[in-house]
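Enquirer: Can you keep this structure in mind? I'll have questions shortly.
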Amino acid sequence: MAFACTALLLSSPSAAHADPRAAPQAVDPASAEQSLLVWVRADADNAGIAGVTVKVSGGGVEATGTTGADGKAEVGLSAPGSFTVEVDESTIPEGAGVPRAGSSPREIDVAAGNKNVPAFFFIAPDGAASGAAGSTPAPSASDDAGTSTGGETAAPDTETGAVSGTAEPVTENNFWKIFWPKVVTGLIFGLLLALAAIGLSLIYGTTGLNNFAHGELVTFGALMAYLFSNVLGLNPVLAIIITVVLGGAFGFVQDAAIWKPLRRRRLGLVPLMIVTIGLSLALRYTFQFIFGADRLTLPNSSAPFLVVGPVSLKFTDVVGAIVSIVLLVAVAYVLLYTKIGKATRAVSDNRSLAAASGIDVEGVIRVVWIGGAALAALSGVFIAYYQSLRWDTGASILLLVFSAVVLGGLGTAFGALIGSIVIGVFINVSTMVLPENMKYVAALVVMIVILLVRPQGILGRKDRIG
């Protein structure tokens, strides 16, 4: 842990300032380690618009490119950085229109090793350009490197990482083309969410604690992955392994230093919950102090790795989904068939009876904290690959994690998995009929409706009261 803290301080903005990077320069895209892919398309039919000049500036770069027949122009960069991308409206063919309101110019963050980081520009007739921005927002400037859908790279939401899919409006002709990518990317995000939700659910089940600092375990994992892979230059696989180990150690330290002493003092659940809120704020702003408030990115290629019909996924999306499934199956096996798993379920069912039966309750709680924190850290790593990350990444998805846990049934690991899948898919698919900023509301409405019908959650059990 001391090594991790030292490395954190070395990665802080003040430390980074002492070792400035060379200013990025425009280079041949074929040989560049990172590049921007600007795509200019007609709003009406998604057709690429050729001959449009695009300008890229920032960090010492002043470069231009011209879109080809497919509407794409690639600009190579010698180093990562933040860049301003703008469409030269004077070069747009007469009658095609202008870029959607608020979409040009745009700020794009390019991380080290990221090729073809997309910047989409939709050209709409003058009368429709202003309205288009309201009905279908332009992809987030910092999150353009997302999961591809339908042959293009869609921008993930800045908070959830849920991919918005294609930016084109839903019509009868393209419904399935948009629907299936949203379902698949929703499933992937749900699996990543489940890694964090299961740990939160098990902690609640064994201790009764609603841990509002659980999101910071997710952020810790994302930032550790950034530290070891970007700052220290370690192999990504090694960086992930170290991150998971440190995540588990962080959970152990939290339990040993804070929660176990408070349990011994028999502090009530409400004061404990207030402590978690305070810890969340303290950790969150510590992360901000060390890493800064800027959005960070992990090296990640946006090139399609798996294409099935209209669904196109990146390599990290596929790996994240596979690893999540393997780990979730492993957790299920441990809970059902191993001694520690059966002890965990016994403590969750009746802590006093478990202690009377000779089960080491404190030992079980310690294992749950270590495992839950490690899973949350791994969730943070994959979410960081799925989208960009910030000091408050975990806090921004905490509501979704709690919703998944409550929806599936408080204290049930399998319920947390089901709830996460439902939340992940629904927030993605709901954007086909609702504005992007309403998708959280839609997910919460679904949760409320299900709880009205089944108050104990999908897999929860009814309790006798009185």
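A Cβ is built for glycine as well, from the same backbone N, Cα and C atoms used for every other residue.
No curator has checked TrEMBL annotations; they are predicted automatically.
The annotation signal peptide is assigned in TrEMBL to 1-18. Residues or ranges marked as region 'Disordered' by TrEMBL: 132-166. The compositional bias 'Low complexity' feature in TrEMBL is assigned to 132-146. Feature annotation from TrEMBL assigns transmembrane segment to 183-205, 237-257, 269-291, 311-336, 367-386, 398-428, 440-459.
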Enquirer: Among 237-257, 311-336, 367-386, point out the range having the most Cβ pairs under 8 angstroms from the transmembrane segment (183-205).
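Expert: Checked against 237-257, 311-336, 367-386; highest Cβ contact count belongs to 367-386.
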Enquirer: When you scan the chain for residues with a C-beta under 8 Å from the transmembrane segment (440-459), skipping those not six or more beyond its ends, what do you find?
Expert: 399-400, 403, 406-410, 412, 414-415, 418-419, 422-423, 426-427, 430, 434
Enquirer: Let me check one thing: do the transmembrane segment (367-386) and the transmembrane segment (269-291) come into contact, meaning three or more Cβ pairs under 8 Å with sequence separation of at least 6?
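Expert: No, the transmembrane segment (367-386) and the transmembrane segment (269-291) are not in contact.
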Enquirer: Same chain only, please: residues at least 6 beyond the ends of the transmembrane segment (237-257) with a C-beta under 8 Å from a C-beta of the stretch. Say none if there are none.
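Expert: Residues 1, 4, 213, 217, 220-221, 224-225, 228-229, 279, 365-366, 369-378, 380-381.
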